[in-house]
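Peer 1: So Swiss-Prot says this about it:
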type: BINDING; residues: Gly10, Ala11, Gly12, Lys13, Gly14, Thr15, Arg128, Thr137, Phe138, Gln195; note: ATP binding site
type: REGION; residues: 30-59; note: region 'NMP'
type: BINDING; residues: Thr31, Arg36, Glu57, Leu58, Val59, Gly86, Tyr87, Pro88, Arg89, Gln93, Arg156, Arg167; note: AMP binding site
type: REGION; residues: 127-159; note: region 'LID'
Amino acid sequence: MNLLIMGLPGAGKGTQAAKIVEEFGVAHISTGDMFRAAMANQTEMGRLAKSYIDKGELVPDEVTNGIVKERLAEDDIAEKGFLLDGYPRTIEQAHALDATLEELGLRLDGVINIKVDPSCLIERLSGRIINRKTGETFHKVFNPPVDYKEEDYYQREDDKPETVKRRLDVNIAQGEPILEHYRKLGLVTDIEGNQEITEVFADVEKALLELK
């Protein structure tokens, strides 16, 4: 089974990806892991990626696409199938993935989209606070400290609501064309992500069993 998982930051995509890998035995292909492995193994694309990263520059699409292609061509993919996580990030990368899969004789079986209302995600992501003395992390709503005094806690700049909203807006703008592309191919299953982790996975599992 060859899958793609999508979802906004804070939707719980990483948690569900880990559960899918555990339950269905597919190879988990996350962009971060892929880059690290390609650079460690000094593949052609890995060396290219490292040259950009070392200069503090963004890795161009063609290099990212090349690293994905290298990984998808490995033997375990034909045996186990894959779960792509964190790629494609742009519609151009989605088109490149289509071409790569066709070239390798592979087919995408489904796209799992973990849906959570952005307003809920802002609450999830912007509630994080850190104790100034101990460095411990808490959440204002979901895991509040027992003896909360505002002056004892601070919030990281990228956890502030306005920053979180900007980040979500960018992700929505990038993600919508990709989802639309796969919807036209009849591949997308939307999963309600604003429920307990076990309930989300029950819905994911049901959708994937129907694909088999």
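Including glycine, each Cβ sits where the backbone N, Cα and C put it.
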Peer 1: Counting across all protein chains shown, how many other Cβ atoms sit within 10 Å of the Cβ of Arg89 (AMP binding site)?
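Peer 2: The Cβ of Arg89 (AMP binding site) has 16 Cβ neighbours within 10 Å.
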Peer 1: Expressed to the nearest Å, what is the distance separating Phe138 (ATP binding site) and Arg156 (AMP binding site) at their Cα atoms?
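Peer 2: Cα-Cα, rounded: 12 Å.
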Peer 1: Tell me the Cα distance separating Gly14 (ATP binding site) from Thr31 (AMP binding site), rounded to the nearest angstrom.
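Peer 2: So the alpha carbons of Thr31 (AMP binding site) and Gly14 (ATP binding site) sit roughly 12 Å from each other.
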Peer 1: Specify the secondary structure state of Thr31 (AMP binding site) as given by DSSP, simplified to three classes.
Peer 2: helix
Peer 1: If H, G and I count as helix, E and B as strand, and all else as coil, what does DSSP give for Arg128 (ATP binding site)?
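Peer 2: Going by the DSSP assignment, Arg128 (ATP binding site) falls within a strand, counted as strand.
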Peer 1: Could you round the CA separation between Tyr87 (AMP binding site) and Arg128 (ATP binding site) to a whole angstrom and send it over?
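Peer 2: Computed Cα spacing between Tyr87 (AMP binding site) and Arg128 (ATP binding site) is 27 Å.
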Peer 1: Does Arg156 (AMP binding site) have same-chain partners at least 6 apart in sequence with Cβ under 8 Å from its own Cβ, and which are they?
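Peer 2: Expected: Arg128, Ile130.
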Peer 1: Any idea what the model's mean pLDDT is for the region 'LID' (127-159)?
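Peer 2: Summarising the region 'LID' (127-159) by its mean pLDDT gives 91.
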Peer 1: Looking at the binding-site residues Glu57, Val59, Arg89, which has the shortest Cα distance to Gly12 (ATP binding site)?
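Peer 2: The smallest Cα gap between Gly12 (ATP binding site) and any of the binding-site residues is with Arg89.
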Peer 1: Determine the most Cβ-crowded residue among the binding-site residues Tyr87, Phe138, using a 10 Å radius around each Cβ and all protein chains in the structure.
Peer 2: Tyr87
Peer 1: Widest Cα span across the AMP binders Thr31, Arg36, Glu57, Leu58, Val59, Gly86, Tyr87, Pro88, Arg89, Gln93, Arg156, Arg167, in Å?
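Peer 2: Taking every pair among Thr31, Arg36, Glu57, Leu58, Val59, Gly86, Tyr87, Pro88, Arg89, Gln93, Arg156, Arg167, the longest Cα gap is 31 Å.
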Peer 1: How many whole Å apart are the CA atoms of Gly14 (ATP binding site) and Arg89 (AMP binding site)?
Peer 2: 15
